[in-house]
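The domain 'Ion transport' annotation in TrEMBL covers 258-493. Summarising the annotation, TrEMBL assigns transmembrane segment to 30-52, 292-317, 359-380, 400-422, 429-447, 462-484, 617-636, 841-862, 883-911, 944-964.
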Amino acid sequence: MLRRSLSTYDILTVKDVVEAYESRGEFQSVFLTPLVYVLFFTFFASAALTHVPIETMFPSQNGLMAALVTSGSDTLTADSKMKFKNIQSQADVFPWFIDTFVPSVFVTTDYNNVSIPVDQVGRIAAFQKVVGAVEIKAYVAPKIPCDVSASLSPIYKSCHDWANAEQETPWYLNPKSPAQEIIDWFQEVKANHTLVSDANTALHINVATYNGELNLLCITALQIKFQPGGYVDTRSKMTSMPLDPYGNDPSGGLMDLITGMFFLTTVGMDYRKIARHRKQKKAVVWTKWRMVTWMSLASVLTFYVFWIILSVLVAQAQLKNEIIAMENPAFDFEHNTALAIVYFIDIMDRMKTMGTIMIILRLSAMAAMCLLMFRILGSLRFHPGLNVVMATLTKSLRSLAPFFFVFVVCLSAFVMSGCLLFGDSTKAFSTIGMSYVTVVNMLFGQFNPDMVLDVNYYTAVVWYWSAMVVLSLVLFNMLLAIVIESFQKVHNSSDKRTAPYMAAISELARVEGLWLWPWSRRDMIRLGRAVHADELRDVSAAAIAKHLALSDDQARLLLAKVRAFKRVRQLEHHISSNQEFVFMTITCNLDCVVIEMGTAELTIDDVRLAYASRGDFVMIFLSPLFNMFFFLVFAACALDHTPIQAMFPSENGLANIVAKAGTDAVTTVTTTKFSNMATHHDVFPWLTNTFVPYTFVTTDYNGRNLSTPDLRRVNYVHRILGAVEFKTYSAPPRPCDVVDGPLGAMYAQCHDFDSPVLNSAFYIDAGADPETATAVISAKQASGAWLDASTANLHINLATFNGELNLLCLISLRVTFQPGGFLQPIYQTKCMPSDPYGTSYLAAPLDACVLVLWITTIWMELREWCRDHRRRTGQPPKPRFCTLWRAVTWLSVVSVAVYFAIWTALCMAVYSPTFAADLTALETGASSSQPQLLLVDIMTRLKAMGYLTLSVRIAGMVSLGLLMF
């Protein structure tokens with residue numbers, strides 16, 4: 001049977017035996033490498049999760065978050081407690097400090113209202129012991145002259161340099177102090193105006209805690225950022241770290257030891273391969289898999305370097321001694337204030353350093369595990385079945401490169417247009433970076449369309465569905481098609497390669513056994529050494545039997561093992577080098593094309609045609625670059641004309657005050673919020689109790705009276721222009737369309753709500769105090785004719801100027817009364833730069849670049865069109881002027897022209913001398929005889945500017961979409 005089976009093999013040469021003998025190490029490596037990387041990944045992941053104890057960090061950090069980072073709905077009553085996430089203005093900061101933060105941190109009684117023991121004083125949420133002190137840092141922007149247009153300079157006389165904020169001396173609050181003492185301190189700094197002022201850019205509150213139950217240190221950072229538009233952004237960050245890295249879990253040291261062994265094994269394996277290449281005088285090639293290997297090793301090494309640094313910092317005696325000294329009852333804080341502050345600063349700095357290292361530690365662990373995962377997949381590429389995933393990805397990359405370019409262009413167009421349309425109102429689109437994240441999340445279904453539909457319904461519908469059709473239905477499905485096609489090809493080819501590979505493995509197992517390692521036999525080693533030392537020049541059975549003193553059957557068995565081993569190695573090499581084989585095939589095909597082109601005969605017409613088309617050849621390569629440059633420059637120009645990063649804090653700071661929203665408790669002292677109005681009865685309570693106190697402001701957030709330059713400001717930064725406009729629209733009466741009889745008698749008269757007409761309009765001067773404004777509104781309510789059953793709409797328009805950001809804003813509050821009794825409150829805010837070319841130094845250069853590119857595009861299209869007509873011979877072909885892409889080009893040219901036409905109209909309105917004269921006259925009181933006419937004129941101009949601003953953004957969106965195509 002053995003002789004019959006051997007007859008099917010090819011004859012072996014000495015070189016084949018030598019190659020099989022020398023490749024025995026590679027054969028071992030092929031099967032052992034995946035196992036090594038799997039174990040490496042497993043033990044490193046176990047070590048990382050041991051050093052970063054997530055199961056204990058989660059309850060610790062979330063317990064702190066529930067106590068410090070409070071969120072939820074606040075009612076505007078005298079008993080309301082402001083929550084951290086609900087802070088919307090400077091006026092909310094002290095209520096949060098006094099009513100929420102202090103009772104949560106400086107605790108004196110437990111949840112049973114029983115006084116807590118002395119050793120438990122200074123704990124948050126019963127378990128988190130405050131370490132050192134509570135640190136409060138204030139950042140203040142220095143005052144500078146306002147960079148505003150001349151017409152608005154009398155309104156806004158001083159501004160702040162928000163880009164160069166300075167840190168004030170931090171405050172440190174002793175956690176052992178009674179809550180009332182801390183509250184008194186906050187009241188004192190409030191009265192002195194030293195903690196919160198109109199110059200504040202940020203407040204940082206840092207709290208370091210220790211949880212003895214879980215043996216964890218935690219640093220909590222609360223940040224309140226005040227932006228120049230009045231918008232307040234609250235952020236929080238928590239980082240935990242074990243206090244005794246190896247004491248909590250003894251298995252951590254064992255995991256580190258095993259991980260270190262696998263680290264050295266991996267380094268040795270790869271270094272052995274490099275040494276083998278050098279020994280064979282081959283160039284050491286840094287393939288993608290070798291780079292992944294060394295990057296994974298570098299990330300693992302980085303993890304342990306920072307872990308050692310963290311362990312050393314945690315184990316330092318100075319930190320523990322300072323903490324113990326501060327907790328010693330004998331330590332007198334009042335008499336050792338300087339020493340206590342030194343201890344506080346040192347403890348806080350050490351805790352912050354450890355928190356930063358902990359974040360780097362977790363990031364490096366994440367990178368290491370991802371790289372080790374890819375290395376495991378790469379080590380399986382020798383197997384035709386297990387190699388399907390990596391082969392599919394590798395094959396897909398060739399097709400994904402051009403697809404990815406197209407996808408990025410389309411994605412960028414919708415990102416920038418979304419930022420233009422919604423960035424001023426929605427935080428998710430307030431920056432380019434956040435817009436990219438939002439649009440990508442939209443592709444995966446993590447997006448709420450109401451976020452943009454509430455801004456501008458019709459433009460949002462067009463943008464949203466266009467993005468979903470282009471990015472999701474078309475491009476995303478094309479991506480799936482590319483991957484599926486590559487998988488199908490790889491799967492089909494793997495089926496063809498699996499059969500011979502498994503047959504070769506089966507044959508090797510038949511002659512050697514399940515061990516599959518023939519070179520462990522003494523006779524095989526003797527054979528390999530003999531041929532390698534050139535002692536055996538003939539590898540026939542008889543020669544082997546004679547040289548090694550074996551029987552003929554034993555010699556034939558050795559040859560069978562060598563043949564089976566060689567066959568397996570050949571198939572493994574073929575599977576692993578499939579990419580190189582494909583590359584050689586492509587190269588061969590290209591060589592054949594070159595040979596055919598070199599031997600082809602050319603005519604005079606061919607040469608003439610080639611010469612005439614040289615310009616077309618250049619344009620093929622230059623047109624994509626030119627169009628991409630046009631797209632990017634126009635996008636930069638549009639975003640510069642519409643400064644979203646300034647508009648977002650301005651519009652949201654204004655809307656958070658004027659158009660408040662939230663949950664109202666049903667109490668007698670509830671202050672109704674704008675978005676919660678549901679019936680006619682809610683309108684006057686909202687106007688008198690919410691709108692007037694927050695619009696006609698005479699005191700600041702510290703309770704002091706505002707100076708004359710600071711009056712007429714909403715949220716302390718938005719200077720009201722002129723007055724607040726109130727308009728009501730009434731539905732004219734009409735006969736009811738009801739049946740005759742008793743029902744008709746019940747409803748004698750109806751109203752035409754589809755055709756409302758202006759009923760009344762009045763203005764309340766921006767300089768009025770809250771009492772005067774409330775009296776005017778109360779008089780309207782007493783008359784009974786301002787809001788009645790026939791009222792269809794209530795419009796309140798408020799125009800403001802923000803000198804810090806140099807923006808004009810118009811907020812429109814609209815309350816629609818529908819005949820069914822349903823009341824719909826809607827607000828819309830539009831901002832525009834008050835000095836479009838004075839604020840930004842890039843505006844004019846970008847406009848000039850766009851103009852040059854616009855003219856160049858027209859010249860290129862006309863040149864191509866003329867060339868097409870000059871080439872007509874005989875029967876004229878169909879003009880290329882009517883092609884789809886030429887139509888898209890001209891539509892993009894027209895849309896850019898429309899954009900700049902509207903932008904020019906907006907600039908003319910902003911720079912209008914009449915507008916400046918009206919503002920000056922209204923501010924100085926020069927036209928006291930006809931102030932209402934000035935108010936009407938200013939409000940009309942600002943409304944027109946608002947519509948122009950919206951039109952500019954829509955035109956920009958359309959232009960970006962057409963330039964994308």
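Including glycine, each Cβ sits where the backbone N, Cα and C put it.
What TrEMBL says about a protein is an automatic prediction, not a curated fact.
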Contact set, same chain, for the transmembrane segment (462-484): CB under 8 Å, 6 or more residues outside the stretch: 392, 396, 399-400, 403, 406-407, 410-411, 414, 417-418, 421, 439, 442-443, 449, 452-453, 957, 961
Which of 292-317, 359-380, 841-862, 944-964 contacts the transmembrane segment (883-911) most, counting Cβ pairs under 8 Å: 944-964
Cβ-based contact of the transmembrane segment (400-422) with the transmembrane segment (30-52), 3 or more pairs under 8 Å: no
Beyond the flanks of the transmembrane segment (359-380) by at least 6 residues, Cβ under 8 Å: 33-34, 37-38, 40-41, 44-45, 48, 51-52, 239, 289, 292-293, 295-296, 299-300, 302-303, 306-307, 310, 386-387, 389-390
